[in-house]
Amino acid sequence: MVMEKPSPLLVGREFVRQYYTLLNKAPEYLHRFYGRNSSYVHGGVDASGKPQEAVYGQNDIHHKVLSLNFSECHTKIRHVDAHATLSDGVVVQVMGLLSNSGQPERKFMQTFVLAPEGSVPNKFYVHNDMFRYEDEVFGDSEPELDEESEDEVEEEQEERQPSPEPVQENANSGYYEAHPVTNGIEEPLEESSHEPEPEPESETKTEELKPQVEEKNLEELEEKSTTPPPAEPVSLPQEPPKAFSWASVTSKNLPPSGTVSSSGIPPHVKAPVSQPRVEAKPEVQSQPPRVREQRPRERPGFPPRGPRPGRGDMEQNDSDNRRIIRYPDSHQLFVGNLPHDIDENELKEFFMSFGNVVELRINTKGVGGKLPNFGFVVFDDSEPVQRILIAKPIMFRGEVRLNVEEKKTRAARERETRGGGDDRRDIRRNDRGPGGPRGIVGGGMMRDRDGRGPPPRGGMAQKLGSGRGTGQMEGRFTGQRR
């Protein structure tokens, strides 16, 4: 009687059960799944910051597995895909959470290519193995963008994007509580399979923008009454061709049927069903970009310098209605890493537990809707903002960590940046010279005080800096502004 050939999905499920059970029970024997021509790569970076390279052969794979120090390794399988590939092989894609040595659980993706072993029917070995942690690929921190002043064109603002922050900020933290299991594979909870996972694509290395909306105080508004209110820098999302990628798979809700229980393999594994994204506010999306001709707009409540012909009254009224009430920066909070399916009412109810929310707005990124949203929360007092900053990290829905920061003006950010450069310049100036550290004042002034110390170089008195880097060739960003 001829044995029926098993389906690729059945082979993949059985392999996943055996592999992760052995990873939990006896990881020192994990190399037996591999052959002489196998390749193995485990996510991470080396000492120089480069991704780990693959190792080849059963012996090298054995040493690599031992170097990873697997101990009490517990795995939660969220989804398994298996398809037939060349030469009667099977490619298996696994997504789940992994906890090693009692550490917090971390999301991972692992791909196996199973090849037939010799002439033995239905026997496979791992020809290729690729493992990556998601938090090493997708970062939840967002790079900060210094918003241009109101006298500059928005196109110039988009050309001066800073470098993104390191994405490996929380490499050892997880969003889930570790649940010990006996065989290393645990059936996930019902609600955990419906969690939204908004993660940006790492392959394109798209620079995220975290706009810090600049708001002037009342004195500055009186001096610049014709200056337009700063518009939210939200560009209309350009919908690219929807190509299939694993980043889009992980960003969708995964069905509970695509899990592996502790007793074996689930009866059926469904591919994730893509769900439509929640549309952002039409008011934000329909907002036109600023141009230089739109700047001279009047604001009610302040004396204008003089009317100018050619202004659109409707556009002026819409802008004034949106930005009549101005709140201090200490009452406002920047909130990043918002899920796509969130609405303003849900977010407002969440922050009402900290204080009275008087205004809230959610903005979307302009990169095809694939990046997390961000927004601003305004309280009627500065005390809730300080409580939230002290209580970080802020977990939303119990699983999504929100990136909360105090709102700062552009002038404050420039003072911090310039102050750092001048401090280093003062340290270098104080370290040189035969008299040792001389403090803030020059050597000539110390000589006048106590009659000792070397004379100033060249017979010229040293100039005292203002601490702001305002002198020629002083300050980190002086050359750039010219």
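Heads up, the Cβ atoms here are built off N, Cα and C, so glycines get one too.
Feature annotations, courtesy of Swiss-Prot:
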- 11-133: domain 'NTF2' (DOMAIN)
- 331-409: domain 'RRM' (DOMAIN)
- Ser141: phosphoserine (MOD_RES)
- Ser149: phosphoserine (MOD_RES)
- Ser225: phosphoserine (MOD_RES)
- Thr227: phosphothreonine (MOD_RES)
- Lys392: N6-succinyllysine (MOD_RES)
- Arg457: omega-N-methylarginine (MOD_RES)
- Ser466: phosphoserine (MOD_RES)
- Arg468: omega-N-methylarginine (MOD_RES)
- 142-220: region 'Acidic disordered region' (REGION)
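Neighbours of Lys392 (N6-succinyllysine), defined as other CB atoms within 10 A of its CB across all chains, total 12. Summed and averaged per residue, pLDDT over the domain 'NTF2' (11-133) gives 88. Each residue in the domain 'RRM' (331-409) gets a DSSP state, and the totals come to 17 helix, 31 strand, 31 coil.
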